[in-house]
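**Student:** Swiss-Prot feature annotations, pasted as is:
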BINDING   17-20, LYS40, 48-55, ASP212, GLU364, 380-381  FAD binding site
SITE      GLU121  site 'Important in orienting the L-aspartate substrate'
ACT_SITE  ARG281  active site, proton donor/acceptor
Amino acid sequence: MAGPAWRDAADVVVIGTGVAGLAAALAADRAGRSVVVLSKAAQTHVTATHYAQGGIAVVLPDNDDSVDAHVADTLAAGAGLCDPDAVYSIVADGYRAVTDLVGAGARLDESVPGRWALTREGGHSRRRIVHAGGDATGAEVQRALQDAAGMLDIRTGHVALRVLHDGTAVTGLLVVRPDGCGIISAPSVILATGGLGHLYSATTNPAGSTGDGIALGLWAGVAVSDLEFIQFHPTMLFAGRAGGRRPLITEAIRGEGAILVDRQGNSITAGVHPMGDLAPRDVVAAAIDARLKATGDPCVYLDARGIEGFASRFPTVTASCRAAGIDPVRQPIPVVPGAHYSCGGIVTDVYGQTELLGLYAAGEVARTGLHGANRLASNSLLEGLVVGGRAGKAAAAHAAAAGRSRATSSATWPEPISYTALDRGDLQRAMSRDASMYRAAAGLHRLCDSLSGAQVRDVACRRDFEDVALTLVAQSVTAAALARTESRGCHHRAEYPCTVPEQARSIVVRGADDANAVCVQALVAVC
């Protein structure tokens with residue numbers, strides 16, 4: 001590369017336009033900093049936030065609930081790997097964050113005028129889930145934040161290729177857009193890139209969930225943790241061998257009384273957990289997987305026929321089912337577990353700060369300590385609002401202290417971008433076969449062999465970068481899964497079916513000297 005095709009500068013650059021990214025950008029803007037928001041997509045609303053159905057877990061001051069109860073439910077779901085202080089900090093700030101969201105224009109469903117309606121989801125001991133549009137909470141959150149961010153500098157079709165730094169602090173970003181590669185100089189960068197669901201052949205995630213932020217963090221030298229804990233949502237709409245993004249069937253349906261049964265009508269979770277169909281997601285998904293293995297059936301069923309007014313309460317699910325030829329009012333809904341959420345990510349504090357000065361992460365890409373080994377339902381939008389807003393404030397404060405001139409002079413043109421990448425279809429098939437809900441040493445080693453066949457590719461566009469990111473993140477997930485020789489939360493090892501108390505520590509992955517490889521620091525405390 002002879003040099004950048006273009007240059008730009010800002011105080012804060014945010015990568016991502018979901019709940020965490022927009023919350024961060026708005027907070028940084030309110031702090032008086034210049035903000036640039038990047039989206040690799042052509043449309044900014046195509047995010048995991050937009051597709052979120054269930055709601056936001058929040059303790060209301062006038063409800064029969066408490067922050068301590070929400071914290072306890074979160075810790076129980078997290079299977080011993082949550083950071084209790086982080087959990088309390090984020091949960092306790094939830095009501096303030098949701099109130100601010102409503103103040104920005106979000107319209108939540110109400111049980112009576114002036115009182116938010118509440119539902120219950122798996123792992124929660126109380127009805128504490130606020131929602132919008134029945135089962136379109138994410139779409140309403142996305143709409144409200146985008147409307148509020150209408151005056152911000154949001155740029156579509158921009159793919160962040162590398163976080164630039166001087167070894168001590170962030171200096172900017174290398175970005176590719178239709179007119180070529182360029183540099184945005186900035187002292188603060190916030191990664192809010194979402195998840196990694198497209199490691200697998202079928203997922204509830206949108207097309208952009210390709211692990212970009214994890215790869216950017218690894219290349220920047222910061223710690224990534226808990227990547228072996230990939231949550232498979234118990235109820236993804238079954239559609240035969242169809243891959244790509246598949247519709248989610250929200251957990252709130254079970255909260256309103258729907259039951260999970262097999263083809264013979266037998267309960268899936270009876271005798272498995274005291275909370276039955278409302279057990280934490282890892283428990284319910286594992287119970288479904290076990291039943292499918294025992295019966296040889298391709299799916300189980302969510303029977304929601306007893307829910308009065310189903311179509312009006314769950315319009316999104318109703319539309320998805322009817323598009324697939326299923327009437328959920330009259331027929332049980334065929335479901336299977338599907339890749340849904342990364343409980344791990346870039347290690348940050350509860351303000352989104354990473355090890356690298358000026359680099360922040362928020363939302364699904366981050367590991368704050370809230371989720372541990374298994375995320376509690378509807379804690380994701382909560383975390384995005386709370387930590388996204390905090391990260392924006394922190395990034396703005398750092399930018400004010402660092403000053404623009406240092407970042408501008410430090411951001412230099414890098415060498416050509418070339419990494420190794422596996423064919424995406426081959427990678428997804430290998431991950432679905434060997435690193436899905438259940439893992440075994442033989443399969444994980446076979447997966448390592450498959451990943452070692454990745455070929456060098458010059459990164460010149462979004463597709464190239466996504467394939468490179470998926471390959472590096474697949475290596476990271478595989479390495480972490482091999483290192484954890486127990487079953488805990490979302491991570492199940494066939495030859496190690498028990499939870500080992502001595503392994504109640506996080507596994508940290510870092511980028512190796514070779515940018516196409518990773519190394520593992522096994523079982524270290526990162527809380």
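Including glycine, each Cβ sits where the backbone N, Cα and C put it.
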**Student:** Can you name the residues of this chain that are 6 or more positions from GLU121 (site 'Important in orienting the L-aspartate substrate') yet have a C-beta less than 8 Å from its C-beta?
**Tutor:** GLY54, GLY55, ALA57, ILE129, GLU251, ALA252, ARG254, GLY255, LEU278, ALA377, SER378
**Student:** Rounded to the nearest angstrom, how far is the Cα of SER380 (FAD binding site) from the Cα of the residue listed as 'active site, proton donor/acceptor'?
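**Tutor:** On Cα coordinates alone, these residues lie 13 Å apart.
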**Student:** So, three-state DSSP: helix, strand or coil for ALA52 (FAD binding site)?
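**Tutor:** Looking at the DSSP assignment, ALA52 (FAD binding site) belongs to neither helix nor strand, so coil.
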**Student:** Under a three-state reading of DSSP, tell me whether GLU121 (site 'Important in orienting the L-aspartate substrate') is helix, strand or coil.
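**Tutor:** For GLU121 (site 'Important in orienting the L-aspartate substrate') - judged by DSSP and reduced to three states - the answer is coil.
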**Student:** Residues with Cβ closer than 8 Å to the Cβ of THR17 (FAD binding site), same chain and 6+ apart in sequence?
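**Tutor:** In sequence order, the residues whose Cβ lies under 8 Å from that of THR17 (FAD binding site) (at least 6 apart) are VAL37, SER39, ALA41, THR44, HIS45, THR47, GLN146, ILE154.
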**Student:** Could you tell me which of these binding-site residues, ALA20, ALA52, has the fewest other Cβ atoms within 10 Å of its Cβ?
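**Tutor:** Candidates: the binding-site residues ALA20, ALA52. Fewest Cβ atoms within 10 Å: ALA52.
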